[in-house]
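Visitor: My structure is below; once you've seen it, I'll send some questions.
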Amino acid sequence: MNAFGHQFRDYDAESERQKSVEDFYRLQHINQTVDFVKKMRAEYGKLDKKVMSIWECCELLNEVVDESDPDLDEPQIQHLLQSAEAIRKDYPNEDWLHLTALIHDLGKVITLPQFGGLPQWAVVGDTFPVGCAFDESNVHHKYFLENPDFQNKVYNTKNGIYTQGCGLNNVMMSWGHDDYMYMVAKENGSTLPSAGQFIIRYHSFYPLHTAGEYTHLMNEEDKENLKWLHVFNKFDLYSKSKVHVDVDKVKPYYMSLINKYFPETLRW
């Protein structure tokens, strides 16, 4: 439950969106393989789609509606600002966390034609490691049975191609907006602290930060950063509302943070 009296992330409730969300996860679970992730990382790692500022990307996000979200179908920029403003209220001194909330979903632009027009199953939704067994905590786990990696003996053990405690930085996650935006921030020299970059990269990793699975792959730095992800997740999920933030009113504050932690323009 959240402050607005609604239950979020209910994937079984009968609703207009429930059936399309389930179909989304069917496609995601079938297609997110080790080979696919390697291909996407190589392609998007070039950062050759566009040169623009963080705020320009925020405005582009208005064109995106997340098909994996069973809760709201509001423009994405409103979700970003609602999350950021809620954190700003409760953690006024952690400006890096306010900015992290603003930009955490910017990677969703890869669903737009000028960024490759990827299908939504390759952009949004919960993320999970590939190259090891698909934990049953993953939503709609049954659809992994059709994933080519499911029967691969190299990939279907608990550790798979990884070693215990190897660190999440050494783990390949299913491809999507999280990993892409992390890549953009890192390669463009963002000075966001480690916890901010961790939040960007793993905020959709619900099997870890909500179900508590896959912890055997974490190292000590991951465990410290996870504490901040737990803080962030509450605001990411439960600040969703039909009440819109006045963009013009808050823009100067967020522009000051963008200028503090990012270059003026970035390669995307």
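Even glycines carry a Cβ here, placed using N, Cα and C.
Found this in TrEMBL, in case it helps:
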{"type": "BINDING", "residues": "Arg9, Asp66, Glu67, Ser68, Lys108, Gly125, Asp126, His203, Ser204", "note": "substrate binding site"}
{"type": "BINDING", "residues": "His79, His104, Asp105, His177, His203, Asp236", "note": "Fe cation binding site"}
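Are these features on the surface or tucked inside, and what are their neighbours?
Guide: With a cut-off of 8 Å between CB atoms and residues at least 6 apart in sequence, the same chain places Ser83, Ala101, His104, His203 near Asp236 (Fe cation binding site), listed in sequence order.
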Visitor: Between C-alpha atoms, which of these binding-site residues comes nearest to Asp126 (substrate binding site): His79, Asp105, His177?
Guide: His177
Visitor: If we check Cα distances from His177 (Fe cation binding site), which of the binding-site residues Glu67, Lys108, Ser204 wins as closest?
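Guide: Closest recorded candidate to His177 (Fe cation binding site) by Cα: Lys108.
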Visitor: Using the CB centroid of His79, His104, Asp105, His177, His203, Asp236 as the Fe cation site centre, which other residues of the same chain sit with their CB within 8 A?
Guide: Leu80, Ser83, Ala101, Lys108, Asp178, Ser204
Visitor: Take the Cβ of Ser204 (substrate binding site) and count every other Cβ within 10 Å, whichever protein chain it belongs to.
Guide: 25
Visitor: Among all the protein chains here, how many other CB atoms are within 10 A of the CB of His104 (Fe cation binding site)?
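Guide: Neighbour count, Cβ to Cβ under the 10 Å cut-off: 25.
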